[in-house]
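Taken straight from TrEMBL:
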type: REGION; residues: 1-23; note: region 'Disordered'
type: TRANSMEM; residues: 40-59; note: transmembrane segment
type: TRANSMEM; residues: 79-102; note: transmembrane segment
type: TRANSMEM; residues: 114-136; note: transmembrane segment
type: TRANSMEM; residues: 239-256; note: transmembrane segment
type: TRANSMEM; residues: 277-298; note: transmembrane segment
type: TRANSMEM; residues: 310-336; note: transmembrane segment
type: TRANSMEM; residues: 348-365; note: transmembrane segment
type: TRANSMEM; residues: 385-409; note: transmembrane segment
type: TRANSMEM; residues: 443-471; note: transmembrane segment
C-alpha cells in the first residue's frame, strides 16, 4: 500500500486505498477451483492407483523379463522404504506426546475403551466371515492339490502365538525391539543331538546293506521325539513393545508437571516435523503407488487362471469387507457420534487408497495421521493415542480373512465342521488377528494357527499365496478404517474428560500467573520480577479439583441443552 492521503490526514480522516493497489490478502477460491484445491491429494493418489492397474494389465502380454519387472517396481520399492522409514519416529513421538498430554487416569480410560472397541469389532468380523463362508460355500474339493498333501510341516500352535505376543509386548531390550521381534521355533533337543548323529552314521552304513526304508522311519520317529521349543529373534520391528514402552513413558512423563514439559515439547516438535515430511513424500504418490501395483500385477504367473479358480473365495472376502465398511462401520459411527458417517468416510479415501496400494496399515499410518488431524479435525490427543495402538492390534480385515480362509480350506478337504469347531475358528481368528504384525501377508502365517486348532490340512495354505497379494489389499483397508473409526468413537466417549482437561489447563494457567493462592501480589522489598515469577509458579502447590471441573462441564452442557 502507498502512503496515506496527506490532505485527508490533516482533517483526521484517511481515504481507503485504491482498488488498483496491491493487497496481501489471499484470494479465496470458489466453485470447482476450491473443490480441486481441497481434493488435490486425493486425486493424485487415485490417479496413481488407476495408472498402476492400467500399466500392469497392458504390459502383461509382453512377457517382460524379471529385470524389467524389477525396474518397474523399483520406484515403488523406494516409496515404501521412505514411508516405513517414518513409522518408528512417528509412533514414538505421537504416543509419548499424546499420552503425556493426558493424565494417568485419562490414559487408562482411553486405553480401556480402545481395547474394548478393538476386541468387539475383531470378534464381529470373525463372525461375519464365518457366516459368509458358510452361506456362499466357496470351497471346491476339485481345487485341492494332492501333491501338496504329501509333505507336512510343523504347524504353529495357538499357545506359542499368544506367548510370543506377550514376549513382544514386554521386550527385554528396547534397542533390539526396533530391529527384531521374538518368535518360537522348534529345534532338536541338545541332549539328543549325539543320538541323531549316530543315527545318520547308521543310515550311511545301512545304505550299503539295503535298509534304507527302515532307517528313514527311524529318523522320522526320532525327529518327532526330540523337537523342543526355542525362543529366537527374527528381523522386523517389534512395534508392540515400542508402543507399550512409549505409553508407559508418556503417562509417567505427564505426572511430573513442568519438569517434563521440555521433553513433551521435544516429541511434539518431532511429530510436527515428521508430518511435514509426510506432506512432501505424498507428492511421490502417483509414481510410487503405480509402480507398486504394476510390479505386483506383472509378477503373478497366471493371473486369469488363478482368479478363475479362486474367484468365489475372493468374492466372499470382498462381500464381507463391503458389508463392514458401508453398513456396520457407518452404523457404529452414527450411533456413537451422531454425525454423517459418509462424510467422515469420504475424508479417509486418501489413506485408504494408500493402504490398498501398500498392503500395510503401518505404511499408511503417516497419511492417516495427516488426514485425521488436518482434514477431519480430530483431537490430536486421541489420534496420537489410538492410531499407533490400532495399527498393531486392531486387525478387523485380518480377522475376517482368517475365518473365511480357514473354513474355505476345510471345505476343500471335505471336512464338516460342527458348532465346536466353528466356535474355535471364531475365537482363534480373533486372538490371532490381534497378534498380527502390520506387514503384508502376515495373515497367512496366523492362518496356520487356526488350521492346526481345527485339525485342517496346514499345507493347503500354499494355494492362497497366488491371490493373497490382492486379498491382502482389500482387507488392509478394513484394518486402516477400523483404527480411524475407533478414534472417532473414543473421542466422542471421552469428550467430557477432554473438556475437563482443557478447563483444568485454563484454571492452572490462571492460578500460576499470580501467587500460589491465585491472588496477584506486588513485589516485596528488594525482590526482582524474575524472583517473584519463579516463586509464583509452583506446580506442586497448585491443586486442581478435577471433580469440581467435571461438575462445571456438566452444568455447562445442561445449560446449552436447555437453550437448544
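First residue shown is number 1, and so on along the chain.
Every residue gets a Cβ built from N, Cα and C, even glycine.
A contact between the transmembrane segment (239-256) and the transmembrane segment (385-409) is present, since 3 or more of their C-beta pairs, 6 or more residues apart, lie under 8 Å. Using the rule of three or more Cβ pairs under 8 Å, pairs at least 6 apart in sequence, the transmembrane segment (40-59) is not in contact with the transmembrane segment (114-136). Here the transmembrane segment (310-336) touches the transmembrane segment (114-136). Their Cβ atoms form 3 or more pairs under 8 Å, with each pair 6 or more residues apart. Outside the transmembrane segment (385-409), and at least 6 residues removed from its termini, the chain residues within Cβ reach (under 8 Å) are 90-91, 94-95, 98-99, 102, 107, 110-111, 114-115, 118, 121-123, 125-130, 132-134, 138-139, 239-240, 243, 246-247, 313, 316-317, 320-321, 324, 361-362, 365, 368-369, 372, 417, 422, 425-426, 429-430, 432-434, 436-438, 442-443, 446-447, 450-451, 454, 456-457, 460-461, 463-464, 471, 474-479, 482-484, 486-487, 490. Residues 312, 315-317, 319-320, 323-324, 328, 385-386, 389-390, 393-397, 399-404, 407-408, 411, 422, 425-426, 429-430, 433-434, 478, 482, 486, 489-490 of the same chain, all 6+ positions outside the transmembrane segment (114-136), place their C-beta atoms under 8 angstroms from a C-beta of that stretch.
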